[in-house]
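Novice: The pyrrolidone carboxylic acid annotation in Swiss-Prot covers Q19. The annotation disulfide bond is assigned in Swiss-Prot to C82-C93, C106-C125, C141-C144, C205-C217, C228-C247, C261-C264, C325-C337, C348-C367. What Swiss-Prot lists as N-linked glycosylation site is N87, N168, N169, N197, N204 (among others). Taken from Swiss-Prot, the feature O-linked glycosylation site covers T136, T397, S400, S404, T522, T551, T568 (among others), and the record attributes it to experimental evidence. Swiss-Prot lists 150-253 with the feature domain 'Cystatin kininogen-type 2'. Residues or ranges marked as domain 'Cystatin kininogen-type 3' by Swiss-Prot on the basis of sequence analysis: 270-373. For P380, the entry in Swiss-Prot reads 4-hydroxyproline, with the evidence type similarity to another entry. Sequence annotations record features per position, and here Swiss-Prot assigns region 'Disordered' to 394-495. Swiss-Prot lists 442-490 with the feature compositional bias 'Basic residues'.
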Amino acid sequence: MKLITILFLCSRLLPSLTQESSQEIDCNDQDVFKAVDAALTKYNSENKSGNQFVLYRITEVARMDNPDTFYSLKYQIKEGDCPFQSNKTWQDCDYKDSAQAATGQCTATVAKRGNMKFSVAIQTCLITPAEGPVVTAQYECLGCVHPISTKSPDLEPVLRYAIQYFNNNTSHSHLFDLKEVKRAQKQVVSGWNYEVNYSIAQTNCSKEEFSFLTPDCKSLSSGDTGECTDKAHVDVKLRISSFSQKCDLYPGEDFLPPMVCVGCPKPIPVDSPDLEEALNHSIAKLNAEHDGTFYFKIDTVKKATVQVVGGLKYSIVFIARETTCSKGSNEELTKSCEINIHGQILHCDANVYVVPWEEKVYPTVNCQPLGQTSLMKRPPGFSPFRSVQVMKTEGSTTVSLPHSAMSPVQDEERDSGKEQGPTHGHGWDHGKQIKLHGLGLGHKHKHDQGHGHHRSHGLGHGHQKQHGLGHGHKHGHGHGKHKNKGKNNGKHYDWRTPYLASSYEDSTTSSAQTQEKTEETTLSSLAQPGVAITFPDFQDSDLIATVMPNTLPPHTESDDDWIPDIQTEPNSLAFKLISDFPETTSPKCPSRPWKPVNGVNPTVEMKESHDFDLVDALL
């Protein structure tokens, strides 16, 4: 148990330990604003005419620790009302009128030196004037070291030179190739200084056979690896004038050159033209040996190998299917023979030995029939994921629904002997069909008075087992429990106990005594006695109409007695599970606008709203 706990905690900590050095942070961070302030101040100081630009908002930011802290920024600016010659800073300026103001977007890399000093390494701004084409302004700090992308095209000549330098100045038996560039920095001097950190991997090309890397040289997964840190200076003529390299090699697994196996089977593509002759001989052999009346045809080739053994030996696995061409009317199998979708299917293993110089072919084929699956017929519209229980009763077949949380097991009724009491009940129904549990149907009289045999509660007459849904004799004497919220001359019981013991036990039953014509009711779709419901005539509507009661019974406390009470603490694991996905957080970028534009609140975006019109909803 302790080991499982440790592994679980480690799996949660590993993602945090393997995070990259570059990470996104909040655009409203104080240090981010200071970095943007340094970048925008630097841009304004480079311009000698026109107005200063004012920050609108920061759109993207990422921090890199390598080992100094660098901020990669993207922010939007708007032209202000302060001239460049004024002694004001951009923070003291307001936005110029939008119709006449220029806008722009800048991308910058800013280094943080110490705790408070920010210096701009590189910056590019795209300015869109109120009238005229877009103007691009670039700035690169002379002498400032700043990180660059590991996929920068400027690194390609440096890396190419570095790999060649390593292969020429090491005593390793094989050539190495670039594996991954991990980190790169650039500095503008009288030329450019580069510092690159990358990994290398051993290839399959030995120095005895190859003097330099070629496209045939591939990195070995089990070969030696290394990690290098290089420093290079590229002059203004784009030549590498100085270079230094430091590499650490790590031995891999024992490298063994692949052995060439003469005579071993080699896999070949299943659609290779070399298989055509072998397949033709295989299917001809199959049709000659099979005693069926129809020809077989190759449907699918699963796999194939070829082996050089005094010739060529083909081993083929394929699926053959019976065609519509009979052997009696066709001398041989032709391409026009179509596959019989209801015919026999064979799984075949063929070995074809071809001796080209003798022009002889020796095929052998072994086939096994594949089993055929027959589908069972279901009632129309009936899903295989639904189950219906069919119960035999006297003279009829009843379809019952699966039990739900509101229906007890049917055996409760049969096992309950308390419902055999000698209590007589009288029911009164003044020409109305009241939708209560246990309303029975019988001979309709003016006042509908009578007695009946009951095993459920309610006003019903006849032999009934549930809700009084059935036809029977209106006049009769029987024993059973009665419940009537109106007039009841029988004994009064608590309504909870008989309801739970008898409600929802059987789906529907039909009396086997009398079939008399009754008034038209909503229950005319009930199953008639002596008529069995067969599956071809069975419909979903029949199932629903037969078993759904008119009204649902009231919910009781005892209905949920089968659900156990689980005691949990509010702060327990049952309430606070560890999610497999990161929690969603509010977006960190873009930042809030620096100040309002034309009187608009910078923290609230105003949207035009219209009153709701009913016509819009109807369109």
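Glycine too: its Cβ is placed from the backbone N, Cα and C atoms.
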Novice: Would you mind reading off the Cα separation of C82 (disulfide bond) from C125 (disulfide bond), to the nearest angstrom?
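Specialist: Computed Cα spacing between C82 (disulfide bond) and C125 (disulfide bond) is 19 Å.
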Novice: Any idea what the Cα distance is from C367 (disulfide bond) over to C337 (disulfide bond), rounded to a whole Å?
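Specialist: Computed Cα spacing between C367 (disulfide bond) and C337 (disulfide bond) is 21 Å.
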Novice: Within its own chain, what residues at least 6 apart in sequence put their Cβ under 8 Å from the Cβ of C337 (disulfide bond), listed in sequence order?
Specialist: Y295, K297, T323, T324, C325, N330
Novice: Can you tell me the CA-to-CA distance separating C144 (disulfide bond) and N168 (N-linked glycosylation site), as a whole number of Å?
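Specialist: Pair distance, Cα basis, whole Å: 33 Å.
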Novice: Would you identify which of the glycosylation sites N87, T136, N168, N197 has the most other C-beta atoms lying within 10 angstroms of its C-beta?
Specialist: N197
Novice: Looking only at DSSP and grouping its letters into three states, which state does C228 (disulfide bond) belong to?
Specialist: strand
Novice: Write down the Cα-Cα distance for C93 (disulfide bond) and N169 (N-linked glycosylation site), rounded and given in Å.
Specialist: 60
Novice: What is the number of other Cβ atoms found within 10 Å of the Cβ of C247 (disulfide bond)?
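Specialist: The answer is 18.
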Novice: For the domain 'Cystatin kininogen-type 2' (150-253), DSSP counts of helix, strand and coil?
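Specialist: Grouping H, G, I as helix and E, B as strand yields 16 helix, 54 strand, 34 coil.
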Novice: How big is the gap, in Å, between the Cα of C264 (disulfide bond) and that of C217 (disulfide bond), rounded to a whole number?
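Specialist: Computed Cα spacing between C264 (disulfide bond) and C217 (disulfide bond) is 25 Å.
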Novice: Would you count the other CB atoms within 10 A of the CB of C82 (disulfide bond), including those on all shown protein chains?
Specialist: 20
Novice: Can you break down the domain 'Cystatin kininogen-type 3' (270-373) into helix, strand and coil residue counts using DSSP?
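Specialist: Going through the domain 'Cystatin kininogen-type 3' (270-373) residue by residue, I get 18 helix, 52 strand, 34 coil.
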Novice: In sequence order, which residues at least six apart in the same chain have a CB under 8 Å from the CB of C205 (disulfide bond)?
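Specialist: Residues satisfying the criterion: H174, L175, L213, T214, D216, C217.
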Novice: Using C-alpha atoms only, work out the spacing between C125 (disulfide bond) and C348 (disulfide bond) and round it to an integer in Å.
Specialist: 70
Novice: Which Cβ among the disulfide-bonded residues (C93, C125, C144, C348, C367) has the fewest C-beta neighbours inside 10 Å?
Specialist: C144
Novice: Count the Cβ atoms, other than its own, that fall within 10 Å of the Cβ of C325 (disulfide bond), considering every protein chain shown.
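Specialist: The answer is 20 other Cβ atoms.
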Novice: Give me the CA-CA distance between C93 (disulfide bond) and C141 (disulfide bond), in Å, as a whole number.
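Specialist: C141 (disulfide bond) has its Cα 26 Å from the Cα of C93 (disulfide bond).
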